[in-house]
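Chemist: Taken from Swiss-Prot, the feature ATP binding site applies to GLY148, GLY149, ALA150, GLY151, VAL152, GLY153, LYS154, THR155.
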Amino acid sequence: MSTGKIIQVIGAVIDVEFARDNTPKVYDALNVVEAGLVLEVQQQIGDGVVRTIAMGSSDGLRRGMEVKNTNAPISVPVGHGTLGRIMNVLGEPIDEAGPIEYTEKRSIHQAPPAYDELALSTEILETGIKVVDLICPFAKGGKVGLFGGAGVGKTVTMMELINNIAKEHSGYSVFAGVGERTREGNDFYYEMKDSNVLDKVSLVYGQMNEPPGNRLRVALSGLTIAEGFRDEKRDVLMFIDNIYRYTLAGTEVSALLGRMPSAVGYQPTLAAEMGALQERITSTKTGSITSVQAVYVPADDLTDPSPATTFSHLDATIVLSRQIAELGIYPAVDPLDSTSRQLDPLVVGQDHYETARAVQKVLQRYKELKDIIAILGMDELSDEDKKIVDRARKIQRFLSQPFHVAEVFTGNPGKFVSLKDTVASFKAIVNGEYDHLPEQAFYMVGSIQEAIEKAKTL
């Protein structure tokens, strides 16, 4: 184990000097013995000097401190011992529940599976959320992005997905909290505990208050745990909240590492860093990883380089819209902007496909008529258009749904709606079978039967 000494500290970036014939490799983990801090090598500058990123606070470091090379990358425990536990980026427990029992530790830097190991799947993963199952169905082993600005419900929608999938499919999940609020991480832990699904979830947190090195690597730590379950012939769910903060952490250290910034100040290696993470989230012949990633959209601008780079890796995109949230419709999913590769007659069947497209057609027509209604009022519309507007408003309200995880705020018990019921209900609304019901009856209900019951009380 070779030793070196710190020669420069600039925020999270630390230069360490070793003997020239003992220079650490890129991605090796180094230990600052006195401070109990782990550094990860990013660059070899020459003359035995390496540039590293600190995986914790660099407060109190000084030049000349001794640093030991572990001769290995950062490794985290994998397997059943991680279930129900909260870990940090280094795989150390932070839930005060004793040490983690494990038989194997893996490096957080792994090569993606080889081409001949990959497996394709067209199986649909039922989520119980109407708008998702109808408009942007998930593929087992696919990647899903939840796009939205600040405060439109990304984290709540993600918590509902974890809750539903853990209860209905009893699969293992890994949750990587990347640069999100510590309060949300805390709420999430107790939410899982109360729902009795904590023993099926591994939690890896590197929250907002952590230094950038921590946030840059915590997604990889979570992914390594998910890969461990996948290699045990399991179907795993990987949740990342929030993938934008992973990019942002890279941006924070990029300039300090001496790289020229690219568009909007992002790191020039943005696409490569994103690819290194996303290419590992995939299904092999042994098991599958289905991933759901929350993507913060800066200033609601989907063309920003960070969300734009993420888009290219996804199979389905769920776009949360502020305009829909303002109407009080939650989940605030935009049915015209959200897409899925699985929405194909060969995958979901002709009936589902036609219903989804009919719903989108009605909503698109309503969107076009909105300007006319705003200027001239409803009376100037043809009878056919009046019908479309009426149905569109019902569809819009019926796309809302009470969530289990939001029960404490709303007082409405959460609803899980099967895919069969969802398709049949929307087909009936589009065909005009419920034209006689008031639109308020469709708001915040589960199945169409509940809407009929609610209409009797209005």
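Just so you know, glycine gets a Cβ as well, placed from its N, Cα and C.
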Chemist: Inside 10 Å of the Cβ of GLY151 (ATP binding site), count up the other Cβ atoms and send me the figure.
Modeler: 10
Chemist: For a quick check of understanding: among the binding-site residues GLY148, GLY149, which residue's Cβ has the most other Cβ atoms within 10 Å?
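Modeler: Answer by Cβ density within 10 Å: GLY148.
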Chemist: Tell me the Cβ contacts of GLY153 (ATP binding site) under 8 Å, same chain only and six or more apart in sequence, or just say none.
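Modeler: For GLY153 (ATP binding site), the qualifying residues are LEU320, ALA325, TYR330, PRO331, ALA332.
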Chemist: Neighbour count first, Cβ atoms within 10 Å, every protein chain included; then name which of ALA150, VAL152 tops the list of binding-site residues.
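Modeler: The residue with the densest Cβ neighbourhood is VAL152.
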Chemist: Helix, strand or coil for VAL152 (ATP binding site)? Use DSSP.
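Modeler: Where VAL152 (ATP binding site) sits, the three-state DSSP reduction gives coil.
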Chemist: Identify, among the binding-site residues LYS154, THR155, the residue whose Cβ has the fewest other Cβ atoms within 10 Å in this structure.
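Modeler: Counting other Cβ atoms within 10 Å of each of the binding-site residues LYS154, THR155 gives the minimum at THR155.
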Chemist: Excluding GLY148, GLY149, ALA150, GLY151, VAL152, GLY153, LYS154, THR155 themselves, which residues in that chain have a Cβ inside 8 Å of the centre of the Cβ atoms defining the ATP site?
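Modeler: So the extra residues in range turn out to be TYR296, LEU320, ALA325.
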